[in-house]
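What follows is a set of notes on a single structure, which appears directly below.
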Amino acid sequence: MGKRSYSDAPRLIYINDAQRNQEQQFLHNGVSTAKYNIASFLPIFLYVEFSKAANLFFLFISGIQQIPNISPTSRYTTLVPLVIVLVITAIKEILEDYGVHKSDRELNARKCKIYNGQQFEERRWRDVQVGDICRIENGEFFPADLVLLSSSEPEGLCYIETSNLDGEVNLKIKQALPETAKLVSPSSLAGLRGVIHSEQPNNRLYNYDGTMSLPDDKGVSKDHPLDPSKVLLRGAQLRNTSWIYATVVFTGHETKLMLNSSKKPTKSSNVTRITNRNILYLFTMLVIMSVLCSVGNLIFTNKAGQQLDYIQTPASVNKASEFGLNILTFMILFNSFIPISLMVTMEIVKFVQSTMIDNDLDIYYDKTDTPAVARSSSLIEELGQVEYVFSDKTGTLTCNQMEFQECSIAGLTYAHHPDPDRQPNPQNGAYDPRAQYSFQQLEQHRQDSPQANIIHEFLTALMTCHTVIPEHDKETNEIVYQASSPDEAALVKGASHTFNYHFYARRPHSISCTIHGQDHAYDILNVCEFNSTRKRMSVVLRDSQGKIKVYCKGADSVILERLAAHSLYANETLAHLEDFASEGLRTLCYAMREISEKEYDQWNRVYEKASTTLTNRAQALDDAAEMIEKDMALIGATAIEDKLQDGVPDTIHTLHEAGIKVWVLTGDRQETAINIGYSCKLLTEEMELLVCSTDDHDTARQTLEKHLALIQNHPKHEPLAFIIDGKALTFALEKDLERLFYDIAVQCKAVICCRVSPLQKALVVKLVKKFTKSILLAIGDGANDVSMIQAAHVGIGISGVEGLQAARSADFAISQFRFLKKLLLVHGAWAYQRLSKMIFYYFYKNTLYESWTMSCFNVFFTILPPLAIGIFDQFTSARLLAKYPQMYMLGQSNEFFNQSRFWGWILNAVYHSAILYFVGMAAFMNDEVFAKGWGGGQWWVGTSIFSATLATILWKGALITDIWTKWTWIAIPGSMVIWFVFLPLVSYVGPLLPWGIFLEYVGIVPALWGNINYWLFFILVPLVCILRDYLWK
């Protein structure tokens, strides 16, 4: 459907006023995700198909074949195969689209309850309109984008699951406005009147700006802010809540889910691009051949015209016109030079190869029942040519299953398992700053140390500064923490289980906790949420003593710069952070400040104003948070362990041996990334590390120039690794430094980019793509990796803890990083080699041919060998490819698919054609090959040469086949059987058909099969052709 244009003015939605909403002609709620409908199928399909140069060429040939006295063949010779190819493609498109239509119909026919002014009645989803009030019950999906009005839970609370939107299975909390939360019955809804000032439809999945104007007790309208916490998106599911009431704000294709259903960027493989170019080369050759033959015909008729009176050429023929028409005639004659079914065969082969990936048990992960998925079969051969792998770290190289291991509080470190070499030394006092204490000792320090208050504040921050939702498991009677990230869950779980600071309930404006068995309630006044720009989150809360406190957690780089001047323990904590990072642990800093009622009231007015603005609300909220996240006191830091996935070190080592350079792009600290680099064998002890960590453009330039000079003078056999942080990368990606950065990075065996944003990940990939023709692969598991995955030639998503958004946006999906080894080294190498051989074989076989035989040549006689080669051939076994990864470099260097090989195959085809033609013409120059002087005639000679041609092509296919399966036996000898079945059919059955076709073959079978000359030519000439190829091989 076409895109609608929207004004900048807010959308006005009148609650309980259907007539005024209908006047605005909002979009209906029916959804169609299909590519075609009955009316649009033919024009769209034909437009797409004839946008392809090959199909357009064959349409042109089919057209000129209809002109009388132009075509030397039947007028249907090209048209019939073209129609067959188009019909096959159309059937494939229809079947795929039918499934989508069926799914759409089922979705649009789902039922939901809509308020009619008195009670709720069932309607289909497609009949839901903007402004309707819906009742959604537990377990049901939301039919449109809704604003929550009330729920069965206290204070309008509800829980939702968004796995259909972003793949995250953790529950999220939503909360209605207090003003509408009391509307818990149909009768109470009847008196609801108000106006929602909503933002216009957009694809920002995690943002919503709007206000709800409701009359107060005095009848004066008052605006109440609507933000993402009050919006329920289509596709999400209601969980752990009996029912909710909500009003519709966006419907159908204007919902955020549908606006995010944009097509992935179109990617075409390098092999496909080269194949298209080679087809253009062949077309150029065809035109040149047609012109030369037309010139030859003109010269011949001028010289020997008097001897050709039996042709009965009209005397008044216009030479120029005849010359032009002859060019068209020869183009028709030679059109089979361009293989009409190549593209279709390629698609079939790629599809079958993709199903082999889907069904490979070696890359199936049984723990999560997750198979590999080839979402884009058109890129499968790219897997065999990858030179650069860009990988996320967390969840891709690591498990994304966090465990709280260590922390730093008031200048002392504590650990789950303290280092035995760092036992406290009594000579250094009761609290040894060089020692590492256990978590049990932390509990003792909480009670009797001078820093007990700081310890309490740190543990309180762990317990309260988060967005975790506790879910009670009724079977085990335990609390399961539903968190948006594994880090948060690990910290809350650590505070609860290890330190008895137990968080057990969340309400819209408060949380309930126990500290060593004593109940504590905290009023949550405000939450300044985490985002990739802020790299921190804060909560403003009121404790049980009435004090207002701000707790803030985030990356050390953003927390340290927001501390009060001369903040205590900053240097000690920074040193501890470096120690944690050197152990490969993920770190966070915590800070807090206590604020007065007066300061809070002033700030809250700014925050409330920012939360109700309809323009740049996110930026306004960030600016408001900046005002309160200042002059804080550092209370500690945490260190979380994220273990490496199984097989990661071996996989990276194997990729290096295969000539693949691995770059890791991560948001972690430099020290953490380097340590993980050593753990996973990305970095080795013999590597020299080149580090670029600068805060300004000039220093970045100087550092990069120094590194480049060092590389140029560095021994080639000694490997290098390049480490760059986010700030320095910002400068390195600018126009004047990007080439310098690229020149350094590509000469290093490993590259690690630390503290990078999602945008920087994509920019790094695009930079390398800009300066190299190598195939780039990006792999990640989170929504923040999607832009990087889509920027690379091949994108691979990990189906992991962070959801399925990366996997859904990728070309291929796997569940473990180690599966990348077989995906590239085996499936990729096979696919590239098979397709290369199949394509060249296709070009080779289209060389010579009566019209219907030509029509059947690509469609029947020689369709099976390319399929068998493209699907089943193996130039070596999977075991050897895994054992000797160096063989993968054949794909990187385009060993199997390059222009020299292409022209080699073409010259080989010309050589074989020449032998078949000239030997055939010489052998049958005097075609009196029968007893009593009977001649064979042109059809006998042509069929004999065609039989030998087909035998040569099949022998060539047998010669280039590396492994023989039952399908190879069916395909190659079977194709010759098809030819010998075809001849009797067209000879005896063909003339009986009413269309007057196949008349050329009447009586030809006994004339052929009963003549020794035919069999000698059929056996000996192909043997002569293939002998050179056999000796060469």
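Using N, Cα and C of the backbone, Cβ positions are placed for all residues, glycine too.
Curation plays no part in TrEMBL annotations; they are all automatic predictions.
Some features that TrEMBL has for this protein:
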| type | residues | note |
| --- | --- | --- |
| ACT_SITE | Asp392 | active site, 4-aspartylphosphate intermediate |
| BINDING | Asp392, Thr394, Asp781, Asp785 | Mg(2+) binding site |
| BINDING | Asp392, Lys393, Thr394, Glu488, Phe530, Lys553, Arg586, Thr666, Gly667, Asp668, Arg755, Lys761, Asn784, Asp785 | ATP binding site |
| DOMAIN | 13-79 | domain 'P-type ATPase N-terminal' |
| DOMAIN | 107-174 | domain 'P-type ATPase A' |
| DOMAIN | 847-1033 | domain 'P-type ATPase C-terminal' |
| TRANSMEM | 44-64 | transmembrane segment |
| TRANSMEM | 76-95 | transmembrane segment |
| TRANSMEM | 279-300 | transmembrane segment |
| TRANSMEM | 323-344 | transmembrane segment |
| TRANSMEM | 823-844 | transmembrane segment |
| TRANSMEM | 859-881 | transmembrane segment |
| TRANSMEM | 902-925 | transmembrane segment |
| TRANSMEM | 937-955 | transmembrane segment |
| TRANSMEM | 967-992 | transmembrane segment |
| TRANSMEM | 1012-1031 | transmembrane segment |
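Structural mapping of features recorded in TrEMBL.
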residue	record	Cβ contacts under 8 Å, 6 or more apart
Asp392	active site, 4-aspartylphosphate intermediate	Val664, Leu665, Thr666, Lys761, Ile779, Gly780, Asp781, Gly782, Asn784, Asp785, Met788
Phe530	ATP binding site	Arg536, Met537, Gly554
Arg586	ATP binding site	Thr394, Met402, Asp487, Ala639, Ile640, Glu641, Asp642, Asp668, Thr672
Gly667	ATP binding site	Thr394, Cys754, Arg755, Val756, Ser757, Asn784
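Secondary structure counts, DSSP: the domain 'P-type ATPase N-terminal' (13-79) has 29 helix, 3 strand, 35 coil. When the stretches 44-64, 76-95, 937-955, 967-992, 1012-1031 are ranked by Cβ pairs under 8 Å to the transmembrane segment (279-300), first place goes to 44-64.
The Cβ of Asp785 (Mg(2+) binding site) has 31 neighbouring Cβ atoms from other residues within 10 Å, across all protein chains displayed. Break the domain 'P-type ATPase A' (107-174) down by DSSP state and the numbers are 12 helix, 32 strand, 24 coil. The stretch from 44-64, 823-844, 859-881, 937-955, 1012-1031 that makes the most Cβ contacts under 8 Å with the transmembrane segment (902-925) is 1012-1031. Within 10 Å of the C-beta atom of Thr394 (Mg(2+) binding site) sit 27 other C-beta atoms, taking all shown protein chains into account. All protein chains shown were included, and the count of other CB atoms within 10 Å of the CB of Asn784 (ATP binding site) stands at 20. Sequence-distant contacts of the transmembrane segment (859-881) (same chain, at least 6 residues past either end, Cβ-Cβ under 8 Å): 81, 84, 341, 345-346, 348-349, 352-353, 822, 825-826, 829-830, 833-835, 837-838, 841-842, 845, 887-888, 950, 953-954, 957, 960-963, 965, 967-968, 970-972, 974-975, 978-979, 982. Figure note: comparing Cβ neighbours within 10 Å for the binding-site residues Arg755, Asp781, the maximum is reached by Asp781.
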